[in-house]
Amino acid sequence: MAYNRQLQYGFPDFNTDVGLHQWTHFCHVFSIPDVPAYVGGEVRAQHPSWGRNVLWAAASTGRRCFRGYIRAGGHLEHERLKRARRQELAACPLDHHRERLLDGKRTTGARGVSVSEEDLPKLCQKNDRYVIFPEMRDLKDSQLMCKRVGCQVYAPDSTAKNLQLHAISRQFSDTCFSNFHLWLGLSDEGEENVWRKFSDDSVVGELSFASDQPNGARGENCVFMSLIDGSWSDTYCLRDWKSCVPCERDGSRPLRLRGLCAKKELETEHEVLGYEDGKPYFHGIYGTIIFQKGLGHWELFDSNLNETVATVALVHRDAYPLGRHEWLLHSSVCNRPKGSSVVLGLSTCNDTEFMCSSGDCIHKKLRCNSKDDCADLSDEQGCTLIDLPRSYRKERPPEGSAHGEPIELDSTVEILRFVTISDVNRLVRLELNVEITWQDPRLKFLNLKDVFEWNRLTAKEADTIWRPRLEFPNVFDGNVKLLKEGTYIRKIGEQMDADMNDVNMDTVYRGDSAVLIQQQHYSGSFACSFDVFYYPFDTQRCSVLLQLSFLRLEVAKFAGERARVEYLEDKELPSYIVTRYHATDTYRGNNDTRYSVLKVEFELDRRWTVIVMAVFFPTSMLLIIGYSTLFVKVSLLQVRLIVSLTTLLVLYTLFNNTSDALPPTAYVKMIDVWFFSCILLLFFVIISHVVVEHLENRSAGVTWIRPIENSGSKNTGKKVLSVPRHQLDLPDRVLVYSRLLVVPVLIHTYAILQA
């Protein structure tokens with residue numbers, strides 16, 4: 001079509017469904033500044049206009065064709081179409097008061113086009129299109145049968161239509177042999193004696209009940225037809241009565257044949273038409289026909305090629321090839337050789353639904369959700385989460401985001417608990433969860449859920465894909481165990497467009513639309529170099545090394561900047577306080593072969609309060625006791641010496657016990673200096689007592705004589721024995737000097753050295 005001698009191109013991305021056997025109103029309005037296109041009275045697309053003159057021209061190409069009926073009726077409006085007028089045109093108007101620009105008689109030159117004239121009221125009138133399924137079912141199964149083929153249970157809304165239905169049904173009297181042989185789609189359950197259709201809930205005014213019907217009051221709300229004269233009777237909807245059923249076609253849900261290699265969705269669409277071999281058959285828009293050929297045997301026939309494509313034998317003779325079935329190919333189709341089998345699916349399920357094996361439809365979200373939503377339980381069968389390409393090699397990791405770069409693995413290490421922290425053995429025993437995340441664009445993922453736990457791979461599935469393997473270089477004595485592991489998928493993108501040929505109707509995600517997550521629970525002992533120089537005021541820095549096994553650094557590595565460490569338990573342990581924890585990436589190996597390593601470091605501050613109470617406070621008390629012996633009388637040597645020696649022995653025993661609780665080191669620890677100082681001080685006290693005793697004994701073996709003074713004393717002529725004062729006070733002065741001078745000096749010297 002041209003506008004002002006310029007070709008008006010088609011609307012980009014303009015797609016609309018054309019229902020089978022129903023009229024759809026299309027309106028192309030030329031206006032300024034836009035040219036809108038209306039479908040059913042609503043704007044569906046538009047593009048800018050060019051020029052002011054209208055010129056009709058051919059717009060079809062050899063690649064496009066139309067099969068069906070077109071009502072030609074272009075009109076010239078004197079003003080812009082209003083919404084009411086658009087909806088009036090879409091409702092099949094009966095007026096002819098507009099100037100016609102297009103006449104169907106002028107199209108006779110087009111190839112494959114025939115022209116006929118019909119009265120407009122007859123053309124716009126809705127025709128009842130139904131088929132009878134000649135198998136005996138109760139009402140519930142009859143409704144389900146109609147639903148499976150995209151229909152509703154039919155109900156005639158006039159006497160003439162009822163007589164016509166009865167006449168057609170007589171041909172199935174051999175199989176529909178009950179007195180009331182047809183269920184009808186009518187019910188007065190909502191309002192007594194107001195009969196409404198199942199299909200559109202419209203009220204049927206012209207009823208064909210027998211003279212004594214309806215007679216069921218509020219209990220009998222459904223209707224079936226008499227085989228004898230076609231009259232109606234009401235009955236219980238849940239009554240165990242089997243009859244045949246007429247199904248009225250619903251163009252909104254066509255049947256789709258999946259499993260072949262159709263290029264367009266219309267090639268998959270089928271509808272229920274007439275009868276073949278006493279059964280309804282299914283006709284495809286592009287010439288394929290599915291019909292019964294012998295009891296239980298169905299044939300897929302291509303009328304364009306005039307050949308049988310495939311056949312299937314059903315178990316039950318009353319069954320239809322609805323749902324998924326394995327067909328035998330009678331000709332080469334879709335690169336499959338003749339004689340091979342192919343699974344085909346026939347149902348009304350659309351792209352948002354999953355097809356059960358029986359042909360029923362459920363929402364795709366209900367697929368593989370650990371609940372049986374299909375009546376035949378088929379929604380929980382074949383619930384694999386991974387679609388492996390044939391070229392996939394699980395020995396090789398996926399490539400990095402940039403060509404030639406290694407794949408980067410995101411990691412999260414959760415320290416669950418510290419089981420043992422041994423200073424003497426220089427090890428830390430703990431439990432941890434290691435979570436590694438990566439993407440594998442080579443894969444496709446199926447039916448992923450929003451709930452993380454539902455996307456867990458089975459052990460068999462996990463074994464078919466590449467996963468990182470870990471080893472721990474600093475494990476102590478090889479003591480590390482893998483307690484539990486699981487591989488999950490988390491979706492991060494949108495699903496792919498549905499494949500119209502996918503008979504399984506899975507929801508598919510590309511490899512870059514999801515991430516793989518490996519969670520592993522380890523328990524192990526890891527070596528740690530304890531630095532106890534400042535014990536008990538020390539801080540230990542330990543680490544756990546995680547190395548990628550058999551993967552060079554140029555192939556895969558940890559993403560250190562995105563690595564996380566978590567510790568959610570109580571940070572105050574019996575002997576330590578967990579203060580800091582973090583992760584960094586590094587590597588091990590030589591220049592030729594290097595491996596990526598994730599180093600998880602954590603700091604442990606020793607809790608010194610208990611140690612001070614158990615070590616420093618008792619030793620200080622022992623020092624005070626030893627020091628107090630310097631205040632005992634010189635004459636009480638036994639008391640002073642026994643207390644001092646006992647204090648020294650107790651202190652030495654405490655020193656041995658404390659040393660046993662620490663690892664042997666090549667350096668002198670501050671706690672050793674403390675005990676050495678205490679022992680040295682007590683040693684000095686004991687030596688002081690010995691010196692004092694020696695001085696006392698020496699002075700006791702010497703007799704000092706002092707001359708008698710003649711001063712008129714009454715004791716004239718008597719000798720007086722007297723010890724010189726400097727000799728008499730020497731032992732006491734040694735004790736005084738020791739407690740007031742020597743001991744304080746030693747203590748201050750130790751304090752200075754410690755500082």
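Glycine too: its Cβ is placed from the backbone N, Cα and C atoms.
The domain 'C-type lectin' annotation in TrEMBL covers 130-237. In this model, the domain 'C-type lectin' (130-237) carries an average pLDDT of 90.
Per TrEMBL, the feature disulfide bond maps to Cys349-Cys361 (among others). Cys349 (disulfide bond) falls outside any helix or strand according to DSSP and counts as coil. Packing around Cys349 (disulfide bond) is summarised by its Cβ count: 24 other Cβ atoms lie within 10 angstroms of its Cβ, all protein chains included.
Neighbour density for Cys374 (disulfide bond): within 10 A of its CB lie 20 other CB atoms from the protein chains shown. For Cys356-Cys374 (among others), the entry in TrEMBL reads disulfide bond.
Classification of Cys368 (disulfide bond) by DSSP places it in coil, neither helical nor stranded. Marked as disulfide bond by TrEMBL: Cys368-Cys383 (among others).
Among the features that TrEMBL reports, transmembrane segment is placed at 608-630 (among others).
Summarising the annotation, TrEMBL assigns transmembrane segment to 637-654 (among others).
TrEMBL lists 674-692 (among others) with the feature transmembrane segment.
According to TrEMBL, the feature transmembrane segment maps to 734-753 (among others).
Among the recorded stretches 608-630, 637-654, 734-753, the one sharing the largest number of Cβ pairs closer than 8 Å with the transmembrane segment (674-692) is 637-654. Around the Cβ of Cys368 (disulfide bond), 24 further Cβ atoms fall within 10 Å across all displayed protein chains.
Between the CA atoms of Cys368 (disulfide bond) and Cys374 (disulfide bond) there is a gap of 11 Å, rounded to the nearest whole number. The CA atom of Cys349 (disulfide bond) is located 19 Å away from the CA atom of Cys383 (disulfide bond).
In this structure, the disulfide-bonded residues under consideration are Cys356, Cys361, Cys383, and the one with the smallest number of other Cβ atoms within 10 Å of its Cβ is Cys383. According to DSSP, Cys356 (disulfide bond) is assigned to coil rather than to any helix or strand.
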